[in-house]
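Some notes on the structure that comes next.
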Amino acid sequence: MERAEAYGFSGAMSGAFLLSCLLFAAVSRRQRGPYMDEVFHVPQAQAYCYGRFLQWDPMITTLPGLYLLSVGVVKPAAWLLGWTGSVVCSVGMLRFINLLFSAGNFYLLYLLLFKIHQKNKAVSGFQRILSALTLAAFPTLYFFTFLYYTDPGSVFFTLFSYLMCLYGNHKTSALLGFCGFMFRQTNIVWTVFCAGNVVAEKLNEAWKIELQKKKDEKISFRKGSFSDLTRILQFLVEYLLSPKNLVTLTALTWPYIILVSLFFVFFFINGGIVVGDRSSHEACLHFPQLFYFLSFTVFFSFPHLLTPTKIRKFLLSLKKHPVQYSLVTVISLLLIWKFTYVHKYLLADNRHYTFYVWRKVFQRHELVKYLLVPFYLFAGWSFADTLKSKSIFWILMYFVCLLAVTVPQKLLEFRYFILPFLIYRLNIPFLSLYRQLLELAFYILVNAVTFYLFLNRTFQWENSDEVQRFMW
């Protein structure tokens, strides 16, 4: 990192943290008590603060990583600063933990952008800083910086694990992956993703050698035609069936294998992935979740995905491959018809944006969910097109992880899309400076509207005296 870039990054990070502190103070003044899921998280953390480690709220679905870390930070700080009484593990102090995670996420996003795109000499230090600032302000994640939720910590440990993986420190990566798993069990998928990075790199090297041996340079592993894909899948099967290759891959990924094995032990003993309240968190094959994620990604990455050039390219692709697109359309319609689920929370809780998205869009008419298929096709094509700089093996590995982390979820919840979105966004090429600034301005606007609604547009339910607020 050059000195000017280091100063620029320090200034951006300091400014962002100062602004977050001011916003944190405003949120804390308006909402002093626990809100939404904080009603479960805060008392559980306070029980740990008072040494009651055997106490557990059965409504909590995640492992106690957030509470253990909170005690590990708050208790020493209270001892050093001489705090006593209720201030030690107050709602404000516990929320402040996520503000620290937010600063850590900013730094990790910058380091990941630097590492992933280090070969691209055309990217300036200012662009890296701007992109890191934009992702740190990603609305769905940034909002939960100011509440005591698991999301900022879950993202922190997962991004840290990914960074260590890219630097080849796989034992540290697996250890950090375990910390992420303790925040949210589905983060085990991103441990598999880290192992998959190693496997994809080896596969890519072997595939290039295979092409060189056969002197068949005309067949590219990035074309994406059906014949190429068939040949790649055949190579993949042959490579993975080789005992020598399996030994090599196991030697490289054994820390991740151990962690995934521990996950399966946990899954078997626990009888499922959810710790508590299983009736409201049942796994299912909810394939339209993939379509919701693609729509979510187009919305938040429209400078990357929704451009006139991409629309023209998509229409040309549609004209060139009508049979393939027709087949994908039919499959999509069948998946929507047979595998659309509507969770009771989605219909009952009018505090979340998803409630209004579902009511204003999907509930307008029974046919709406089918009429959106052309948009899903464009979103999927544009999404894949921005990843064409990655190897086909990386794309396959990411797609498998994306399916694993979204499809089993019955509830449409934007928080479930945070990590797959960030991993995707980190790995696509940089835009022009103008489009980067447009993306940042859009995130700032969405955050401003979100916090305005949360702080000022309160309402009450008929059967409750508590103040209700709009949120992600």
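Just so it is clear, glycine is given a Cβ too, placed from its N, Cα and C backbone atoms.
In TrEMBL, annotation is done automatically, which means it is predicted and not curated.
As annotated by TrEMBL, transmembrane segment applies to 6-27 (among others).
Listed by sequence, the residues of this chain that lie at least six past the ends of the transmembrane segment (65-84) yet keep a Cβ under 8 A from its Cβ atoms are 41, 44-45, 48-49, 93-94, 97, 100, 148, 150, 153, 179-183. The transmembrane segment annotation in TrEMBL covers 65-84 (among others).
Annotation comment: TrEMBL describes 96-117 (among others) as transmembrane segment.
Marked as transmembrane segment by TrEMBL: 129-149 (among others). Beyond the transmembrane segment (129-149), the same-chain residues lying 6 or more positions past its ends with a Cβ under 8 Å from any Cβ of the stretch are 5, 8-9, 12, 16, 20, 23-24, 27-28, 34-38, 41-42, 45, 66, 91, 94-95, 97-99, 101-102, 105-106, 109-110, 113, 155, 300, 414-415, 417-418, 421-422, 425-426, 430, 433, 436-437, 439-440, 443-444, 446-447, 450-451, 454, 471-472.
Feature annotation from TrEMBL assigns transmembrane segment to 254-275 (among others).
According to TrEMBL, the feature transmembrane segment maps to 287-305 (among others).
Under the heading transmembrane segment, TrEMBL lists 325-346 (among others). Here the transmembrane segment (325-346) has long-range neighbours at 280, 284-288, 291, 317-318, 354-355, 358, 369-370, 373-374, 376-377, 410-412, meaning same-chain residues at least 6 beyond its ends whose C-beta is under 8 angstroms from one of its own.
With a threshold of 8 Å between CB atoms, the same-chain residues lying at least 6 positions outside the transmembrane segment (367-384) that come near it are 224, 288, 291, 294-295, 297-298, 305-306, 310-311, 314, 317, 325, 328-329, 332-333, 336-337, 340, 361, 395, 424. For 367-384 (among others), the entry in TrEMBL reads transmembrane segment.
Residues 186, 189-190, 192-193, 196-197, 199-200, 203-204, 207, 221-222, 224, 229, 232, 236, 285-287, 289-290, 292-293, 384, 416-417, 419-420, 423-424, 427 of the same chain sit 6 or more residues outside the transmembrane segment (390-407) yet have a Cβ under 8 Å from a Cβ within it. Look at TrEMBL and you will find 390-407 (among others) tagged as transmembrane segment.
Summarising the annotation, TrEMBL assigns transmembrane segment to 440-459 (among others). When Cβ-Cβ distances below 8 Å are used as the criterion, the transmembrane segment (440-459) is approached by residues 23, 26-27, 30, 130, 133-134, 137-139, 142-143, 300, 302-303, 467-472 of the same chain, each at least six residues removed from its ends.
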